[in-house]
């Protein structure tokens with residue numbers, strides 16, 4: 001960010017104070033508010049992991065595992081591996097207590113270029129496409145009852161998805177508390193729906209309908225066992241747990257992050273694993289593996305078999321689940337873009353927050369706009385296939401960074417310190433899946449890598465190159481100033497989020513300072 005932009009930010013901040021914004025601006029200026037408690041933190045993790053997949057298509061694991069028993073084992077093992085990865089992220093999250101999640105950790109440990117590539121692939125493809133797909137799933141389940149004999153029109157699906165995105169962006173821009181309440185309510189709703197599925201499964205077992213759970217039948221393959229297919233089942237299972245790291249994106253808005261970050265992880269991951277395993281057990285009490293694989297919406301088929309006239313509960317549950325999923329993804333991804341802009345890796349306007357609401361409005365609008373643009377394309381699902389491999393690649397890079405940081409800075413203060421055996425176990429599992437992915441789909445993985453590497457010239461031109469033409473800097477300053485006036489935003493106050501104690505702020509500064517780097521882009525950061 002340039003000096004001109006900083007000066008204008010200060011001027012805008014002073015004007016805001018003069019306008020009477022005493023609550024937000026007094027005592028050093030606006031800052032992100034610490035409004036995410038333990039319940040909301042659990043809601044973010046659970047709500048982002050549990051999307052529509054467990055309702056619509058848990059068959060990805062089943063069809064590759066080749067039997068019910070192996071499929072359940074895959075769900076359990078991938079849940080345990082996810083918990084191990086989350087444990088490693090918990091240590092990193094309290095050691096480097098900055099919002100931005102794995103982007104911030106990779107940047108601080110491996111340098112600006114590595115962090116930028118993580119951010120680049122997220123900004124360019126991962127979050128816009130994922131949010132667009134979830135929003136389209138929501139609109140499909142809302143509109144399907146209106147078109148019982150055919151598919152809803154494509155234009156209608158995209159329009160309703162756009163309305164969903166715009167509504168939730170407005171909620172997130174208005175208040176952090178509103179956004180977390182929406183997340184809490186819809187997470188509770190999807191857990192109640194899954195609880196209903198599990199209870200019905202228990203009733204089926206009590207009635208004696210557990211043929212596919214008996215060991216002799218559970219491990220009876222409906223196709224030949226194949227090591228490659230089982231590896232693919234593990235890969236599908238790992239993707240189903242995606243979102244477990246999202247709480248690390250909003251660390252600075254957590255109340256007492258040193259306590260609530262690990263506590264939320266320890267509560268949420270076992271809860272999701274329990275729900276996934278027992279929901280799949282419930283499904284096979286009412287459906288054979290062949291019926292499950294033939295269904296395009298497993299929970300809906302399950303409801304039709306067991307709920308009778310109340311079967312409408314399931315499609316509504318899927319719609320509510322996906323609505324909450326869009327909200328959670330908007331909330332966390334905007335914080336990633338906010339963190340990237342603060343470090344000088346994205347336009348500085350995205351690092352600003354509203355003078356009264358203390359929400360990162362520019363980052364939220366950017367997230368919404370990029371997702372709306374994805375709704376206009378026809379290649380969303382192809383792009384997801386290409387970059388899914390890259391997303392998983394950076395999970396391993398981040399966990400490897402934990403080991404590197406232990407070696408480089410062994411005396412660094414770590415409120416949580418896990419045994420190194422856990423990151424080693426995670427990396428062995430990660431390497432197995434990564435090598436298999438490269439072997440089974442080399443073209444898809446290669447294209448994903450190529451998309452990521454397009455960020456290298458962008459980094460050197462946009463971030464590393466300091467001596468840009470004065471006319472370019474003047475143009476950027478002008479656009480930043482106009483954006484500030486339009487969104488009524490300023491740079492956050494230095495020294496941490498608001499609503500936190502001074503002692504906690506000092507602890508976070510101490511934890512952050514040993515990792516300060518003299519990278520080519522470090523002078524551009526503006527810590528919040």
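Using the three backbone atoms N, Cα and C, a Cβ is placed for every residue, glycine included.
Keep in mind it's a predicted model, so treat the numbers as computed, not measured.
Checked against TrEMBL, the range among 36-56, 330-350 recorded as transmembrane segment is 36-56. Segment annotation: TrEMBL labels transmembrane segment over residues 265-286 (candidates 1-22, 133-154, 265-286). Long-range Cβ contacts of the transmembrane segment (419-440) within its own chain (Cβ-Cβ under 8 Å, at least 6 residues beyond either end) map to 81, 84-85, 87-88, 228, 231-232, 234-235, 238, 389, 392-393, 395-396, 399-400, 402-403, 406.
Scored by C-beta pairs under 8 angstroms, the transmembrane segment (389-407) has its highest count with 68-89, from the stretches 36-56, 68-89, 155-173, 185-205, 225-244. Of the recorded ranges 36-56, 155-173, 185-205, 265-286, 306-326, the transmembrane segment (361-383) has the largest number of C-beta contacts under 8 angstroms with 155-173.
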